[in-house]
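A.B. asks: Encoded as structure tokens, here's the structure I'll be asking about.
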Amino acid sequence: WIMGHMVNAVPQIDQFVNLGSNALEMDVTFNKDAMPVYTYHGTPCDCLRDCLRWEHFPVFLQELRKATSPGDAKYHEKLVLLLFDLKTGKINNNQANTAGQNVAKQLLQHYWNYGNNGGRAYVILSIPYVEHYELIRGFRETLKKEGHENLMEKVGYDFSGRHKLDTVREAYKKAGVDGHVWQSDGITNCLPLVDDLPRVREAVRNRDSPDGFINKVYYWTVDKVATTKKALGAGVDGVMTNHPDVIVNVLNESGYNDKYRLATYDDNPWETFRN
């Protein structure tokens, strides 16, 4: 999976997919009532990027729906995964459940269209704090209550903070999650390349072990050829990037093109491939 990073304005959807992304990451900002209101990152962000691009969350979801609905004029067949980076830093722990309910309602209305010819992409809810595990509960309970429990098949989860993996496992247990787990790790592209992969390798070991809880591992932010090769060498399933074309070129190189291919809609993002 080549995950286009910080796609928060509508024109960036086409831009990143045309450069080679089959997955997109959006930053979702909440107001004080735990309502998701904007796709927006803000400063600081990755080097050489405009941190201030934004859109109203419902509008952005509607555009994502068009981009992932077969038959729509804006449809991109290869766009198969959407990762919502939920910026929950401003909400407290006892609002997390409400935040999850609100995200579910917005997705249900504006992306899934209440199950009536909605967007078909898989969705990952990425949460920065394990303390906010109730967000997952609120999300799942809302889909159930609204009669769309079947859509949970389309949803996966990621705790994106740098927590110990045991702590992450515990949070999933509390959230009632078993499976559909992506684990991320990374470092901003502004910092010189340090070997930041020990935690990635630990996550890959967990994924590859019979009693692991992780299904997929991705690394961010991968913008250079050397970093791409390092991440692939560590065994990741996906990379998040500001430059999808760089990753595409590496995957087309000999030595890589016989080992890797871009994920399509037929590839289940919750299925584990062990090294």
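First residue shown is number 1, and so on along the chain.
Cβ atoms are placed via backbone N, Cα and C, with glycine included.
Checked Swiss-Prot, it gives:
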ACT_SITE  His5  active site
ACT_SITE  His41  active site, nucleophile
BINDING   Glu25, Asp27, Asp85  Mg(2+) binding site
DISULFID  Cys45-Cys51  disulfide bond
DISULFID  Cys47-Cys190  disulfide bond
CARBOHYD  Asn252  N-linked glycosylation site
A.B. asks: Which of the recorded positions listed here (His5, Glu25, His41, Cys45, Cys51, Asn252) have a Cα atom within 10 Å of the Cα of Cys190 (disulfide bond)?
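C.D. replies: Close recorded positions: Cys45.
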A.B. asks: In the three-state scheme derived from DSSP, which category covers Asp85 (Mg(2+) binding site)?
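C.D. replies: For Asp85 (Mg(2+) binding site) - judged by DSSP and reduced to three states - the answer is strand.
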A.B. asks: By Cβ count within 10 Å, point out the most packed of the disulfide-bonded residues listed: Cys45, Cys47, Cys190.
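C.D. replies: Answer returned by the neighbour count: Cys45.
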A.B. asks: Take the mean position of the Cβ atoms of Glu25, Asp27, Asp85, the recorded Mg(2+) site. Which other residues of that chain put their Cβ within 8 Å of it?
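C.D. replies: In sequence order, the nearby non-listed residues are His5, Met6, Val7, Asn8, Met26, Val28, Thr39, His41, Leu83, Phe84, Lys87, Ser126.
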A.B. asks: Once the DSSP letters are reduced so that anything not helix or strand counts as coil, what is Asp27 (Mg(2+) binding site)?
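C.D. replies: It is in a strand.
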A.B. asks: Spatial neighbours of His5 (active site) among the recorded positions Glu25, Asp27, Cys47, Cys51, Asn252, defined as Cα within 10 A: which are they?
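C.D. replies: Of everything listed, what lies within 10 Å of His5 (active site) (Cα to Cα) is Glu25, Asp27.
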